[in-house]
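Listed in Swiss-Prot for this protein:
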SIGNAL    1-16  signal peptide
DOMAIN    36-122  domain 'Inhibitor I9'
DOMAIN    131-421  domain 'Peptidase S8'
ACT_SITE  D169  active site, charge relay system
ACT_SITE  H201  active site, charge relay system
ACT_SITE  S357  active site, charge relay system
Amino acid sequence: MQLLNFGLLLLPFVAGDLAPQPEPLLAGPSDVVPGQYIVTLKEGLTSAQIRDHKKWVSSVHRANLEGFAAGASGVETEGIMKHFHIHDLNMYSGGFDEKTVEDLSRNPYVKSVHPDQHVYLAKTVTQRQARWGLGYMSSKGKPVPLHSTLVDYSYDDKAGEGVWAYVLDTGINVNHVEFEGRAILGHNAIPNKPHTDEFGHGTYVAGIIAGKTYGVAKKANVVSAKAFDTGSSTYNYILETYDWIVRNITDSNRKNKAVINLSISGAKYQPFDDAVEKAFKAGIATVVAAGNDGKDAKNNTPASSPNAITVGAVRWENTRPSFSNYGKIVDIWAPGELIKSCWKGGNNATSTQSGTSAASPHVAGLVAYLMSTENLPSPSAVTARVLNLTIPNLVKDAKDSPNRVVYNGIQERKFTLPKYF
């Protein structure tokens, strides 16, 4: 049985000190949602076979509740809850007794049965301004002496126009002045909760992608896809939200003009890695955080999904913060310590945070930016272009990771550009 502790990846900061080290993301029995499961079906099943399978599940579950599991209660009595269809991947969540789980694991249509997992948010603390990260995007990784150093940010004025960034997170304050009306509410998977951001993380991430002051792609649209609320979630909600995003991108004909950001990480969980991989095969790019364990990211989800763009965090002087995960699965390094962006609590609120949650949206913003300035026909082309622009061999203590930092390619362009101060 695989266990997961899954978190959004921002870390607290104390003025005058380096960012404190995060608590390791540890998995344990308390992470499992008792009686609740994610069932992955084998590929190639027809709609009729899936329909018949669900009828079989309902019949077996009902019989088990009346017989073997007569004492079952709570979520175990729910049966099938939600179905997820991502490209050709079919999964469903449900509440089942142990006997039904045993029956499911032996069913010829079932690939795997995993316990659903709790998903936890990381602690955050408000801190003063830091704007070095944007300047880093256009400076070819030029280090600065202090995180408070202001650096010019040069960029093509298309700046993500016409592109959609989907933020699977805690929601977004779409009325924040930084978004200038370019943020919209998409999907809210959390029952009986408003589609607002009470935690701040999603608004912060969206601001790095597309805020008018703090954003990489200052004209991109951002879509709030809420799978977290105030501290925890489960794959039941995360998969529902990711499924909605993939469907919305596909139905809106936005595959070459959309990017998904996942500033989340936890122990390896194959069903969600599979979902990210299927989205890639469907023609959709996903950018993910490497994680804040200070360990090899190959053991984290969704960082370990083979065709996600996995992002580690770098400091202003080109060192790897000790919290950032590393390893061969990390594709690129981006600013991730003392980064200022939008926040909860008001339409002008800001916060300065650290973590690979901040690094990932820098690259998601770059993807949106490049989609608006270049004709990138597929997620493979997106990844190739992002990596082709990187500057090599700058990160100190990158361990065995590919050593390449993010760059937007602006210095090679031959026309007058606006500047951000």
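Note that Cβ sites are derived from N, Cα and C of the backbone, with glycine treated the same way.
For the pair H201 (active site, charge relay system) and D169 (active site, charge relay system), the C-alpha distance works out to 7 angstrom. Put simply, D169 (active site, charge relay system) is 10 Å from S357 (active site, charge relay system) when counted between their Cα atoms.
Mean pLDDT for the domain 'Peptidase S8' (131-421) in the predicted structure: 91. Applying DSSP to the domain 'Inhibitor I9' (36-122) sorts its residues as follows: 33 helix, 33 strand, 21 coil.
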